[in-house]
Amino acid sequence: MSSRALQWLSLVGIIWLQSINGTSFNFPSYSSQFKHQLSMSQLQLNNLAFASDAGKLFGFVSGFAANSLPLWLVLVIGSSLGLVGYGVQYLFIINKLHDPSYWVIFLLTVLAGNSICWINTVCYIVAIRNFKAHRHVAVGISTSYQGLSAKIYTDIVESMFSKRSSKRTETFLLLNSVLPLGVCVLVSPFVRVHVVEEQGGLEIGVFLIFMITIATGFFAVFTSLGSISTKLSPLTGLVGILVFLLLPLAVAVAENVKRKTEQPEKTEQPEKQRDAVEAAMEEIGAKEMLKRMNFWLHFGVYFFGATLGLVFLNNLGQIAESRRSSGVSSLVSLSASFGFFGRLAPSLLDHFFPGKLMKSKPGWMVALLGAMCGGFFLLLWPTDMSLCTSTAIIAGCTGAITSIAVSVTTELFGADNFSINHNLVVANIPLGSFLFGSLAGFLYRMQVPAGAGKCIGVECYRAVFFIWGCLCLVGTLLALVLFARTRSFYSTKRRMVEDSPPLHVLPLSIVS
């Protein structure tokens, strides 16, 4: 195959990897059964969600490994960690191993959470190095597919069992352990860095990939809606998603045919223009960044925004159970679908409308956090409609803030030290997961009637939603302050973009 076709094939590979790499996102689908089968309290269950996030604290190890080992080996190591982390839990559930200690389950969950970082590292390296002039597209699209993981896993399980089957927990754990390993082995031959001297002429392929990605997202949302999902079989949804995952292969095939029949056109690489814009970004090291007020504002916005949204999604299964909702799987699929569009939207707008719609990233964060506040307060109403609407709002805003935060870190503190700087920003995820999750578990436990094992009713999480909404309001105010402090910077940057040909600069994303 031509080098350009291999370039597109590598993108297909990382799309497939990310679509099965969000194993932590399907936890709400089986958390209730998992809790009862292992006789855990709600607080212990919340701590397992924290354990998965805590595994990301050690994600830097995968970065060092990728610098010295072949990428295929990094994939195998990462997926093997997941095989052990989820696989041993599976053996506990099916009673092949007996009397599991809670702390053993906790450490296995940390290991499984860390495995996600290894696969992410490979995906980001390949996206950045193979698509230098369009790296924001490659990173944004591949990251978006990770948001579909929960739906893909849920559709597979529901195609095999009914929603109330007692086999759901072990099936999820088995899939979490073996599916990433299988896909890593499948795509490892072409998920590698390809030397492509000519970085121009990708516009048609980028457009097609965007269209396929958007169509995939719409199909996922359509088949996740309660009124539709009840009429379609889970197998129909699964087959449809698999077909959409295969469609990007058409771009690689078309590129290969084109290169064999035509002489490649020489296009001017936008290096000079890109360098001109990047010249205005101040490069700041980690120590200096920690002294900056803008960093702590950015940290707080993420903490009270994306992290808070992730905690809500981690508790979605218990929240639905407390409301006697029978559509937990539909809610998880709905959150995955809107999270998908949330992650995709910033790169989509930045690519087609550079410097126009995305004038100020902190300004967009203000709007997104404001919408999240409304989502949390809407949960105070006891209807299924309010639960579905709030889930869609919070999932979409969480995904968008996660994506936008990558750009904010680079634009405010530079790209040279991005991997270290953004690791410090997202270090708030385990902290927030523990604090917000523990708060939810404590308040939930206070509502459990004496002698009862669980709480049923709107009151179970009413105080939690109100407090989370208030905390999200704090994040909105912090985003507003950050917007005011960076307004002149983004005005200058926008003028530079408008005065030069369209270019799109987005660095390596390490957000999972």
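Residue numbering: from 1, along the chain as shown.
Glycine residues also receive a Cβ, built from the backbone N, Cα and C atoms like all the rest.
Curation plays no part in TrEMBL annotations; they are all automatic predictions.
Quick look at what TrEMBL lists:
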- 1-22: signal peptide (SIGNAL)
- 7-252: domain 'Nodulin-like' (DOMAIN)
- 72-94: transmembrane segment (TRANSMEM)
- 100-127: transmembrane segment (TRANSMEM)
- 172-192: transmembrane segment (TRANSMEM)
- 204-223: transmembrane segment (TRANSMEM)
- 235-254: transmembrane segment (TRANSMEM)
- 281-491: domain 'NFD4 C-terminal' (DOMAIN)
- 295-316: transmembrane segment (TRANSMEM)
- 363-381: transmembrane segment (TRANSMEM)
- 393-413: transmembrane segment (TRANSMEM)
- 425-444: transmembrane segment (TRANSMEM)
- 464-484: transmembrane segment (TRANSMEM)
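In this chain, the transmembrane segment (235-254) does not touch the transmembrane segment (425-444); fewer than three CB pairs sit within less than 8 A of each other, excluding pairs fewer than 6 residues apart.
Tertiary proximity for the transmembrane segment (464-484) is limited to same-chain residues at least six positions away from its ends with a CB under 8 Å from its CB atoms, namely 294, 297-298, 300-301, 303-305, 308, 311-312, 360, 362-363, 365-366, 369-370, 372-373, 376-377, 379-380, 436, 439-440, 443-444. Sequence-distant contacts of the transmembrane segment (363-381) (same chain, six or more residues past either end, CB-CB distance under 8 Å): 301, 304-305, 308-309, 312, 346, 387, 389-391, 393-394, 397-398, 400-401, 404-405, 408, 458, 461-462, 465-466, 468-469, 472-473, 475-476, 479-480, 482-483, 490. Listed as Cβ neighbours of the transmembrane segment (172-192) (distance under 8 Å, sequence separation of 6 or more from its ends, same chain) are residues 6, 9-10, 13-14, 16-17, 20-21, 23, 26, 29-30, 70-72, 75-76, 78-80, 82-87, 89-90, 93, 112, 115, 119, 122-123, 126, 153, 156-157.
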